[in-house]
Amino acid sequence: MAVLSLFAVFLALFVSPLPCHDVPGYQKPVMVQQTGKVLPKPQTMTASTEAYALAMPSFKFTYGSSSEMCDIVDQAFQRYYDLIFDIDGLRKAPVASKDMSELNTLQVMVKEPCTGVYPSLESSENYTLTVAAPMGTLVADSAWGVLRGLETFSQLVYRTDNGMMLINKTTIDDFPRFAHRGILLDTSRHFIPLKYIKQNLDAMAYNKFNVFHWHIVDDQSFPYQSVVFPDLSAKGAFNPYTHLYTQDDIKDVIEYSRLRGIRVVPEFDTPGHTASWGAGLPGFLTPCYDGTTPNGKYYAANPIRNTTYDMMTKLLKEVKDVFPDKYVHLGGDEVNFNCWKSNPDITKFMETMGFGTDYSKLEQYYIKNILDISTSIGRNYIVWQEVLDNGVQDKSTVGEVWFEHPTIQAVLERLTAKGYRTLLSAGWYLNHDVYNPGTDWSTFYKLDPQVFNGTQEQKDLVIGGEACMWGEYVDGTNLIARLWPRASAVAERLWSAKDVTSMADAAVRIDEQRCRMVRRGLNAEPLHPGFCQFEYD
Ligand SMILES: *[C@@H]1O[C@H](CO)[C@@H](O)[C@H](O)[C@H]1NC(C)=O
Ligand SMILES: *[C@@H]1O[C@H](CO)[C@@H](O)[C@H](O)[C@H]1NC(C)=O
Ligand SMILES: *[C@@H]1O[C@H](CO)[C@@H](O)[C@H](O)[C@H]1NC(C)=O
Ligand SMILES: *[C@@H]1O[C@H](CO)[C@@H](O)[C@H](O)[C@H]1NC(C)=O
């Protein structure tokens, strides 16, 4: 009897339609198929439905006879061969094609010497890819263009149910819309182990991002191990043995990035956001006062002591030697003036300098000194938007927009009207505590960094943008899942043509890209109920 009624309940639940099918917001499960769609969508692409089989196992990447050769391209050949054929990841052993034309070679031509080079803001990433049996060609000025083209090639490959690897006849002419396409990781609020930093660099390469903005230190911790000031991490890291980036770690990250065409731009944010510097760098922070006596608290770099600038000069010189990129990020955001106001020595300094009671003048004085130090040691700099709103400084500065004051568009208009090159990150804070993984990517996707009131000249000053993953609630356990594939929406906005705006088309690309990342071993999270055709996820 009991068995019978259980069976009845079973029937009622699973054989009749579930009542929740009718609730608003119900999403039908989707099987995400592989068809060889490319994300970010290439600038121009002529695809056909003529499919070739990849010759297996004889398929190979080769250099053309007059091509330059280098380790960047050699290693990319190996990586992409493994990614395409990922034999271990196949459920079925691939089978040979029957009665189909085979693609047996992709011949690569690099025009510029590429041994030992680093990517830069000015690098060319253009490439031309022609897939035609029996031999395809990939032509680029630089190794960076080859990397982007190999990624595209790997995405064009898809599998059939019976295990064949196919690629359609295709011609692609491709180049990025913006030169600076970044991801910001914050390794101060939480330490992020190297393993996950590298996974993220892989994901960046799969999505054609080219700048790792490393917000390496902040109030909470100082994990960068400095040679000139070893106490900074010894006393400022969460754990000076385990939660630390040594000089070797940093070299490792920079080389891993270089081989993927990714610049590493470190950020040493001052004068605010420096609480973790205090213990390891005595005298650097400003003592705060209650009346005429210090209250034992410290806040922000002390702008009135010459030694502050001596310390910053030493540190930034080291940073210059460690990080090869021409740019360093110098922060400059969110300075609270209360501690400076409480300090009688600063009050005296304000009088001497004729700043009156305008503490933003003191802030400008500090920032100007830091920017001058950076210039004198040969580094260009990026700063957060406040620095430019405060009227500092020369036109080589790049300003990064991070908050809506009063709107994103108004800030873009304001900064570019002053003639500054500008990066957009407001609107692309993917860490936000309340997030909707299924839908919020569409908001990121719709934001166009060149849609604001301004002249063409102003719009040309926007050099790109960054998706940001601030670390308050993010560490190695959830970094990859929270970023991907949501950041793929930003990737496409920054790479593809301005008129690539169809949400329906983008949804299909981002789905396949998510399954592709899962296949490649990344914990990219799902965007809706359903499953990937070939992946266990
Ligand atoms: C490749 O060709 C097949 C048919 O052979 C077609 O179904 C598929 O949509 C094509 N893929 C692309 C990306 O055009
Ligand atoms: C890349 O291609 C675009 C479009 O053809 C062109 O405007 C741009 O100058 C090229 N960039 C380089 C560095 O060749
Ligand atoms: C700090 O530097 C300024 C400018 O170089 C100089 O005029 C001043 O005397 C210095 N102050 C101290 C206390 O060394
Ligand atoms: C552009 O300017 C017009 C007219 O002043 C205004 O109505 C509109 O909101 C502005 N658009 C943006 C994106 O700021």
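Cβ atoms here come from the backbone N, Cα and C positions, even for glycine.
Predicted automatically and left uncurated, TrEMBL annotations should be read as such.
Copied from TrEMBL, the annotated features are:
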SIGNAL    1-20  signal peptide
DOMAIN    38-156  domain 'Beta-hexosaminidase eukaryotic type N-terminal'
DISULFID  CYS70-CYS114  disulfide bond
DOMAIN    178-497  domain 'Glycoside hydrolase family 20 catalytic'
DISULFID  CYS288-CYS339  disulfide bond
DISULFID  CYS515-CYS532  disulfide bond
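Look at the Cβ of each of the disulfide-bonded residues CYS70, CYS515, CYS532 and count the other Cβ atoms within 10 Å; the largest number goes with CYS515. Closest by Cα distance to CYS114 (disulfide bond), from the disulfide-bonded residues CYS288, CYS339, CYS515, CYS532, is CYS515. According to its DSSP assignment, CYS339 (disulfide bond) is helical.
Each residue contributes its Cα atom, and for CYS70 (disulfide bond) and CYS515 (disulfide bond) these two points are 31 Å apart. Here CYS339 (disulfide bond) is positioned 55 angstrom away from CYS532 (disulfide bond), judged by their C-alpha atoms.
CYS288 (disulfide bond) sits 53 Å from CYS515 (disulfide bond), taking the C-alpha atoms as the reference points. Within the same chain, residues at least 6 positions away in sequence whose Cβ sits under 8 Å from that of CYS339 (disulfide bond) are THR286, CYS288, LYS297, TYR298, TYR299, ALA300. Note: the domain 'Beta-hexosaminidase eukaryotic type N-terminal' (38-156) comprises 32 helix, 34 strand, 53 coil (DSSP; helix = H, G, I, strand = E, B).
Around CYS288 (disulfide bond), taking its Cβ as the centre, 18 other Cβ atoms fall within 10 Å, counting all chains.
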